[in-house]
């Protein structure tokens, strides 16, 4: 769990940097700023996830010894929020190059061909939404539901 966050962060970082290199050669452009915002949101989220993964229980031993007195974060809600963030991020990363390609001065056939290549990214969105769908039944008690509703209203 601790390694998954940094690995996913590095993957998304490399994709966003590649999008910046290909589609925004002009520093300071609106496209570049939009990609920088997406980059900062992703990196901020994954830095937070890294520390939450490390400190999810207090004391740490409670994670592997349930009888130890202490408390842990609400894992089902944490998983669901992570799934929602990743779904949103993956969809934005999919739509960004499609929007950029559609605004290029190319023939319709070339635009369509380039967009089809990027549509392979729809697999990432599909797996993200499946994670969200399968996380919802794990939220059973009312406390988890109330936390989820509060987070959803804040977004």
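Backbone N, Cα and C atoms are what each Cβ position is placed from, and that goes for glycine too.
The shown structure was predicted, so the numbers you read here are calculated from the model rather than taken from an experiment.
TrEMBL lists 5-136 with the feature domain 'Rhodopsin'. The feature transmembrane segment is assigned by TrEMBL to 34-56, 76-100, 112-134.
For the domain 'Rhodopsin' (5-136), the predicted model reports an average pLDDT of 87. With a cut-off of 8 Å between Cβ atoms, the residues of this chain six or more beyond the transmembrane segment (76-100) that come close are 8, 12, 15-16, 19, 22-23, 31, 34-35, 38, 41-42, 45, 49, 52, 56, 115, 118-119, 121-122, 124-125, 128-129, 131-132, 135-136, 138-140, 144, 147-148, 151.
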